[in-house]
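If you check Swiss-Prot, you get these features:
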ACT_SITE  S799  active site
ACT_SITE  K842  active site
BINDING   G463, P464, P465, G466, V467, G468, K469, T470  ATP binding site
DOMAIN    1-230  domain 'Lon N-terminal'
DOMAIN    706-893  domain 'Lon proteolytic'
REGION    249-269  region 'Disordered'
Amino acid sequence: MAPVRAPTARHRLVARRRLREGGFQTPNGASIQFPLPAYPWQSPLLGPEGNLLIENGDNKNETSGDVDPAKATKADLFPYGVAAKITGVEGRGTGEFTLLVEGVTRIHVEKVIADKAYLEGKVSSYADPALITDSALEELFMSLKLLSRQFVTILRLSSLLPQSSGTPGLSPLLARRLDFYIAKQKYPGALADFMANIVESTYEEKLQILTLIDVKERVAKVIELLDRQVTNIKNSMKITTITATSLPFPMDPDSTKPGKVKPPVKAPGQGVGMPFPPQGGFMGRGGNPDDEQEPNEIEELQKRLDAARLSPEAAKIADREIKRLKKIHPAQAEYAVTRTYLETLAEIPWTATTDDRLGPDTLNRARKQLDDDHYGLDKVKKRLLEYLAVLRLKQAINDDVDIQIKQIEQELGVGSENGKEDAAQPAAVDLTVDEKVKAGGAKLEALKNRRMVDKSPILLLVGPPGVGKTSLARSVATALGRKFHRISLGGVRDEAEIRGHRRTYVAAMPGLVVQGLKKVGVANPVFLLDEIDKVGGSSIHGDPSAAMLEVLDPEQNHNFTDHYVNIPIDLSKVLFIATANSLDTIPAPLLDRMETIYIPGYTTLEKRHIAMQHLVPKQLRVNGLDESQVSFTPEVVSKIIESYTREAGVRNLEREISSVARGKAVEFADAKDSGHPENYNPQLTVDDLEKFLGIEKFEEEIAEKTSRPGIVTGLVAYSSGGNGSILFIEVADMPGNGSVQLTGKLGDVLKESVEVALTWVKAHAYELGLTQSPNENIMKDRSIHVHCPSGAVPKDGPSSGISQAIALISLFSGKAVPSTMAMTGEISLRGRITAVGGIKEKLIGALRAGVKTVLLPAQNRKDVKDLPQEVKDGLEIIHVSHIWEAIRYVWPDGQWPSEHDYPSVESRL
């Protein structure tokens with residue numbers, strides 16, 4: 001196949017005619033004459049698939065002369081050529097055509113008989129004999145096969161060289177096909193013609209081979225060319241063994257083109273070389289003496305490893321890998337793998353640490369830092385300050401020990417010198433010196449054992465979203481002066497993401513822990529393991545939570561081994577702080593390794609303080625406003641908290657404040673653009689919120705002004721955390737058969753609380769004055785209906801037991817409960833009132849709803865100490881341990897028996 005430049009109409013006519021006529025057959029060994037059109041092509045030889053074997057087909061053949069086929073004359077024809085059969089014509093969009101031709105036989109032009117639309121002459125064809133009858137030719141043929149296969153093998157190995165070296169090569173697939181073709185070839189002439197187009201030779205030598213009609217002479221000439229090139233290759237480099245790490249020679253592709261044969265380059269101590277020696281040499285050695293790129297890279301890597309102060313085991317492995325790297329050529333894949341591994345070792349902070357700011361003012365500074373960044377969270381702050389205090393004391397002890405060790409080392413050094421100077425003195429003096437040295441060494445060893453080892457605690461902060469777990473860990477790092485790194489564990493399903501991938505895998509890399517150490521560059525950072533409760537469980541990819549066991553075990557993490565690094569790494573200096581929203585999904589062994597600190601949701605009072613001190617100023621800055629242009633009052637913020645958000649954290653609160661700020665920004669911009677800035681009112685009121693935030697999303701329950709029998713005010717803490725409120729318990733009776741109907745989307749536990757309360761009331765109806773006889777059933781011919789308003793909101797929990805019992809007594813007795821009194825507590829069949837949770841949130845909600853008196857279980861007395869002072873001042877808190885006590889506080893004017901008058905029967909096993 002060859003492209004034709006600027007074909008004329010007569011050329012296309014001839015091509016079509018010859019295409020219709022088809023080819024011709026030439027008998028073997030015959031020489032016949034026939035007329036044939038001749039074209040002096042200006043294209044190099046192409047293969048059967050239309051691809052160049054070695055050369056670039058777009059480059060011009062400079063020695064063939066700039067002959068235009070449209071203007072060619074008989075003087076431009078070479079006497080010998082190839083008869084070809086046209087197998088197809090392909091058109092191009094540029095107006096050019098491509099002829100697909102297939103070579104048939106070697107020809108000799110005897111005479112040009114026509115020079116019109118095209119050159120036509122009489123030619124003689126020469127076909128190679130089909131059988132080998134000469135033993136000398138057979139021997140030459142075997143030598144040609146052997147040398148050809150050797151040459152193809154070298155070309156295949158050349159593909160391992162970098163592309164920038166300019167060395168041509170064959171892909172393994174093409175090389176195998178060529179080797180198969182050579183092995184199966186039966187005709188010496190055909191193989192000689194084929195190899196003549198592959199071997200490096202001049203254009204004149206190629207023409208010479210074309211003129212050789214005798215097969216023996218042609219094979220001998222090609223063997224000469226092959227032997228010359230293989231000899232040049234062997235003289236230019238030493239190919240000792242073909243192994244997985246051996247590399248081939250370079251070969252200049254331009255040298256195969258006619259007229260561009262370059263003289264070989266000789267290097268000192270070498271034979272004839274090739275034009276472009278490969279960079280970096282072979283087997284990791286040699287190469288161009290002036291090219292120091294790879295040696296410099298390895299030298300720089302060695303300097304980085306030395307500066308990293310590796311552990312003894314890491315240094316040993318690094319030295320071994322450096323030696324391997326020097327023997328590997330940069331073009332091999334193993335070179336990049338080894339270099340990346342060594343770079344990882346150099347980037348890991350084996351001994352580099354940041355000095356903790358543990359001065360005399362450490363605790364005060366840390367306390368101020370935590371208070372400035374977070375409001376409330378006293379338990380968490382207390383634990384972190386305890387850690388800082390312990391760290392401060394340990395450092396003070398270690399500093400004293402280091403001073404004593406230094407003094408003893410100086411004394412031992414002086415004693416040794418005196419011993420050397422007095423070597424000629426009697427042996428008694430030498431014994432005294434030896435005894436001092438031994439005593440000093442023992443004392444030195446004892447002092448080293450007194451050094452305090454810093455084992456950082458592993459804290460787990462558990463709480464709902466948005467309460468400040470992540471920012472709290474960042475504040476700890478700031479207070480300590482350490483670097484901070486966050487590792488997100490949510491959605492991690494592969495153990496290799498924690499421990500790393502083994503180096504045998506393609507694109508292997510270290511795990512998240514080692515990558516974090518590389519990023520911070522120190523061995524004692526603060527690591528935040530975010531969302532540890534969302535780590536995937538056991539699967540075909542391993543168990544990531546099990547991989548975390550070694551990381552978070554203070555007794556083991558000083559010897560943590562990453563699969564990629566495969567060298568023990570000390571993680572004992574890392575302060576790990578994990579966060580979770582729930583403990584339910586954390587495996588028990590992993591949970592046992594961490595110190596759990598619960599962070600409850602913020603109360604309404606805490607949210608108001610956070611909003612006024614932090615969120616409002618932040619959102620004003622974000623929206624281009626200042627405090628003089630928008631004024632948020634505590635009443636406005638409280639309204640946003642109570643009516644537009646219901647969450648444990650403050651994220652939605654910040655969004656709502658941002659919405660209000662943007663609305664005020666629009667008003668301010670409109671007033672300013674209209675030229676009437678005086679019309680803008682920076683003051684925000686509660687009534688303005690509906691304009692910016694829409695209608696209220698949540699309606700706050702308010703204590704009723706009037707009281708009625710069968711209605712009791714209970715207390716509830718929302719599952720979202722941080723918020724609490726009051727909950728009305730409504731009970732009504734009607735004629736019936738003793739059935740109980742429950743509504744209000746009540747959970748199973750809450751339904752059981754109603755049954756327990758009803759059973760206690762029925763059992764003590766006579767003592768309560770509800771029946772005339774102990775044997776009378778108060779539910780005879782009567783049914784009751786228990787309802788909790790806000791029927792669309794799910795409700796559950798045992799804390800309304802006391803409220804249910806008081807509501808039933810109120811209904812049956814006709815006595816109303818004071819509307820300003822609320823109560824919470826679980827009731828048992830014996831009438832005991834037991835502890836419940838969410839006391840802080842419930843009482844804050846009760847104060848906000850207008851409640852004055854609250855009945856709490858006596859077991860919750862400890863929770864009252866954590867209440868804000870304004871809640872303690874605004875509520876009368878009464879602690880009860882039995883339902884009879886609660887009844888006396890609710891209806892103090894009634895005559896009620898005491899608890900001791902009616903002791904319950906308890907079974908003891």
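Placed from the backbone N, Cα and C atoms, the Cβ positions cover glycine too.
Distribution of Swiss-Prot features across the structure.
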residue: G463; record: ATP binding site; Cβ within 10 Å: 25
residue: P464; record: ATP binding site; Cβ within 10 Å: 19
residue: P465; record: ATP binding site; Cβ within 10 Å: 15
residue: G466; record: ATP binding site; Cβ within 10 Å: 20
residue: V467; record: ATP binding site; Cβ within 10 Å: 29
residue: G468; record: ATP binding site; Cβ within 10 Å: 22
residue: K469; record: ATP binding site; Cβ within 10 Å: 26
residue: T470; record: ATP binding site; Cβ within 10 Å: 16
residue: S799; record: active site; Cβ within 10 Å: 28
residue: K842; record: active site; Cβ within 10 Å: 28
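Counting in whole angstrom, G466 (ATP binding site) lies 26 from S799 (active site) by their C-alpha atoms. Listed in sequence order, the residues L461, T579, N581, I599, A648, G649 complete the 8 Å Cβ shell around the ATP site centroid, once G463, P464, P465, G466, V467, G468, K469, T470 themselves are left out. Counting in whole angstrom, G468 (ATP binding site) lies 22 from K842 (active site) by their C-alpha atoms. Classification of P464 (ATP binding site) by DSSP places it in coil, neither helical nor stranded. A Cα-Cα distance of 11 Å separates K842 (active site) from S799 (active site).
Following the DSSP three-state reduction, the secondary structure of K469 (ATP binding site) is helix. Distance between Cα atoms for P464 (ATP binding site) and S799 (active site): 21 Å, as a whole number. When pLDDT is averaged over the domain 'Lon proteolytic' (706-893), the result is 90. In this structure, S799 (active site) belongs to neither helix nor strand by DSSP; it is coil.
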